[in-house]
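Features reported for this protein in TrEMBL:
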DOMAIN    B:22-463  domain 'Amidase'
ACT_SITE  B:K76  active site, charge relay system
ACT_SITE  B:S151  active site, charge relay system
ACT_SITE  B:S175  active site, acyl-ester intermediate
Amino acid sequence: MQWEIVIGLEIHAQLTTASKIFSGSATTFGAEPNTQASLVDLAMPGTLPVLNAQAVKNAVKFGLAIDAEIGMTNVFARKNYFYPDLPKGYQISQMDLPIVGKGHVDITLDDGTVKRVGVTRAHLEEDAGKSLHEDFQGMSGIDLNRAGTPLLEIVSEPDMRSAKEAVAYARTIHSLVRYLGICDGNMAEGSFRCDCNVSVRPKGQTEFGTRCELKNINSFRFIERAINTEVQRQIELIEDGGTVVQETRLYDPNKDETRSMRSKEEANDYRYFPDPDLLPVVIEPSFVEQVRSELPELPQQKRERFQSEFGLSAYDASVLSASREMADYFEQVQRTCGDAKLAANWVMGELSSLLNKSDIEIDQSPVSAEQLGGMILRIKDNTISGKIAKMVFEAMANGEGDADQIIEARGLKQVTDTGAIEAMLDEVLAANAAQVEQYRASDEAKRGKMFGFFVGQAMKASRGKANPQQVNQLLKQKLDG
Amino acid sequence: MHEKTLAELSAALHSKAISSVELTEHYLARIQQLDGTLNSFITVTQELALEQARAADARLADGSAGPLTGIPLAHKDLFCTRGVRTSCGSKMLDNFVAPYESTVTQRFIDAGAVTLGKTNMDEFAMGSSNESSFYGPVRNPWNQELIPGGSSGGSAAAVAARLCAAATGTDTGGSIRQPSGFTGLTGLKPTYGRVSRWGMIAYASSLDQAGPMARTAEDCALLLQAMAGFDERDSTSVEHPVPDYSAELNQPLQGLRVGLPKEYFGEGLDAGIANTIDQAVKQLQALGAEIREVSLPNAELAIPAYYVIASAEASSNLSRFDGVRYGYRCENPTDLMDLYLRSREEGFGAEVKRRIMVGTYALSAGYYDAYYLQAQKIRRLIKNDFLAAFEQVDVILSPTSPIPAFRIGEKIDDPVSLYLTDIYTITANLAGVPGVALPAGFADDLPVGMQLLGPYFSEPRLLNVAHQYQQATDWHTRAPL
C-alpha cells in the first residue's frame, strides 16, 4: 500500500521583549532560579496581569509578515490545569479570538520548487516555569524565571506531506521570526520549540488518519528524524492490523523512537474561558499600518530582489536569503566588490563549506564580509586568479589578515606582464620540444586536446601566478605560429 | 468619641480637640472590650495602628494632613497588607503574610489613615451571612444571635458597633450593601473599575469591587475619594476622571426621578421591610423626588447567572492555592497529587469547595455553552435592562434584602435559600453599575437597608440622594448595644 504522510506543526516562539508578557520581570535566559519572578509571576494572591504592548506589536508584525488577518479584537483566555510550574493554576492564552488569523508562508523545497503552507492562526500566551527534578532528593524544584515569558504559538494547516517539508516549513518560520527580530530562534535554549502532528493515510484517501502529536522537539534534525520514526511506527502498526490512537508522544533522540506520553482520554479538559482580569485587546487600524511601515524586508521580498536586482538564480537567491545574517553578509560582500555573481559564488561555495566544516554560524565567520569582498576585488582587477584566491581565502580564514596583506606577504600577485609571460612560455616550450613537435604535426581536433597540457605546464612554471587568459592567448600564438 | 461620624472625627482631629493616638487607643480599647463576642476582627494591628496614629498626629501638627489623616479604619481581610496576615477568612491563608500592599490600603496609608486591623469575612468572600469564615461567625451588634450579613460581615459589625470609624468592604454580589443593610450602615459599591483590584484577593474578577462602609453618605464620600482612581496595575480599572465626591452632597432632590422596579416588590419580600421602604419612598417624595415604576424584566435570571459566572471565575481564581508556594500545605504529602488533593481538601471550607465544583462543572467541555455562555447572555440582558431603566429614571430604589437578618445557623444547611437572599443586590454587579445601601428605618427592631442604584459613574448622585435623605432622617444615627 502507498501511504501519504500528513503533517501539521505547532511552533512556540518566545518573543524577544525586555519584560514578561503580563509582568515587569526581565526575561533574560539563564539567571539564578527564581530571581526573575515577580509577585505576578509567583501568582501571589491579589495580583493581576497587565499586557505587555511590545508582545502585541511583535505578534502583529508576524501576522503582517505571513499576510494574515489581524485579530482587531482579540481576547485572552484562561487554560486551566494544575502543575507546579504553572503558578496560577491556569495559563493565560488565547482561544476563540487569537491575535493572528489565517495566513500563509511559501517554503522552498530541496529541488527548488516552492510550496505554499497555510498558517491556521497564531496566538499570544505566557510560558510556564520549569520543574527541576535533579538535586532535590526525592523532591522537585520549581524555577519560575521562565513563567510569563511571552510566546507566540504558530499553528500550521496540515499541509505538509513529508518530514523534509515539515523541516522546510519550520526553517522558514524560524528565518521569518528572526528577520522580524521578534524571536532569537535559539532552539537549544527553548526559544523556538516545535510540536508535530503526524498522521498517515492510504494514498488517494481524502479523510485524514488519526494523528499523534510529537512534543517539544528542539532541533531541525530531530524534527525530520522524529517524524520519519513516527510515520514508520504508524504504518507498521496499521499494516499489522492495528489502529493509531490519538495521543501525545515524546521523541527520544537517543533511542530514535517515540513513546506515549498521554492519550486523548487522559488529556485535560482545560476549561477555557475569557480571562476576566484582561480586557479584550482592541487594535486600531492605524497601529497596524504603523507596524507595517516598520517591517523589515522579508525573506521572500529579499529573494525576489536578489533575482531582479542581481540577476541571481532562484536557487541562489533562496539560499542567500535563508537567514537575515546570511543575506546581510552576502549584501555586504556585494557592496564591497560590486559583483553579485562572484559574491554569491564565494558565499555559497568556499565560505559555506568553511562554516560547515567548522560547524559555526555565518555571524561567527572568521572571514568578514568586507574581507571577502576585498579579495573578490583583487580577482576582478586580475591581481590574483580564482585559483590563487582559494589560497588567499584559506589564509584569511586562518587569520593571516586581509587579501592584500596575504597577496603581498606571499608574493601571490598575478603576473600580467606580457614580456615576462612570453619569456616563461618560451622556457616551457623549449623544455617540451618533443610535445611541441607533435602538436604542430597534429590536426585541429587533436591540437585542442594537447593545448591543455601546455597550459598546465605554463601555470605550474609560474606557480599559478601567470594570468590564465594571457597564458592562453600567448601560447596559442606561439604554438600555432 | 466613638459616637462621632468620620467627618466629625476628622474635624475634631484637625481642630486638635482629640489626637489620633487618643482616638486609636479608644477604638483599640473598644475592640478589646467588645469584639470577643462580636468576632468582627481576625487580626488587630495594635502596634501598627499606634505607630500610624503617631505619624498622623505629626502630619496634623505640621499642616500636611488630609481629611482621613489619623482616622482609625479597619480593612476586610482580603486586602493584602504588607507584613500583616491576610487570611481571606480561610484556613488556606491562615499563615499568609502578604509581601505587598494592595492599592486600596496603600491609598489609605498615603492619606494618613490608621489601620486598626483586618476584619472577618466569609471565606474568600463567598457567603451572605459571614458564617463560612474559618475564624467563626460574626455576630450582628443589633442582636448577637443574628448574622451581620456577608461577606463583609466583619467590617459591617465593626463599624456598627463603633469599633472603628469606618471600614473597607468588597462587593461581588452584594457583600457591601447587604451587611450594611443588616447593621444600619451606609455602604457603597462603586462602578466596576472605579476602584483598583490590585492586591484584593479575587473571588470573581469581573464582579468584585471594593468600596467604603461607614455611618453616613458623607463619610462614604470621603472614603471613596481616597479609594477611587485608575491604577495601571489593574487592567480593568477605568481611566475616568475622579470627581469631588463631597461636592454634590447638598444638592436638593427636586426633580429627582426615582424608579421602583416592579420585580423587586413582589413575592418573597418581608412585609415589615416593604412597609419601611414605603415610608422611605414617601420621605424622598417629600424631598422633591418623583417616583416611577420601572421594570427590570430579566431580574429573576440574575441569581442563576450570578452563581454560574461567579463560581466559574472563582474555580479558576482559587487554583493558585495549591500548597506549593504559600498558604496551607498538608502534612507529609506522598506525591504531587496527594499534595494538591489534601492541601485543598483540608485548606478550603465547604462553601468554597461547593463553588469551585459548581464553577468547574459550568466551564467543563460539553457544559460551557449551556451554563457559562448562557449566563453571559443573561448578564448582557440585565445590563440592557438597567440601561433602559436609566433612560427613564435617575436612580433605582429597592430594599437591600428581601428578609431581615436571620439567626446564625438558620440557613447554613440550605445554600440555595441563602443564595436567594442576594436577589436585589446581584444585578448591580452583573451590570457593573454603582449602588449605595443606607438605613431606611427598622422592622422588628432590626435595621432595614434601602438600596439606590445609578448609572455608571453616578456615585456623586447616589451619595447626594443618600445624604439628603440622611439630612431629613435619623436612622443612620441609631446605634446598637
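Every residue gets a Cβ built from N, Cα and C, even glycine.
In TrEMBL, annotation is done automatically, which means it is predicted and not curated.
Annotated features, which come from TrEMBL, shown on the structure.
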| residue | record | Cβ neighbours (10 Å) |
| --- | --- | --- |
| B:K76 | active site, charge relay system | 33 |
| B:S151 | active site, charge relay system | 34 |
| B:S175 | active site, acyl-ester intermediate | 37 |
Rounded mean pLDDT for the residues that make up the domain 'Amidase' (B:22-463): 97
Whole-Å Cα distance, B:S151 (active site, charge relay system) to B:K76 (active site, charge relay system), is 9
Whole-Å Cα distance, B:K76 (active site, charge relay system) to the residue listed as 'active site, acyl-ester intermediate', is 11
Through the lens of DSSP with three states only, how would you label B:K76 (active site, charge relay system)? strand
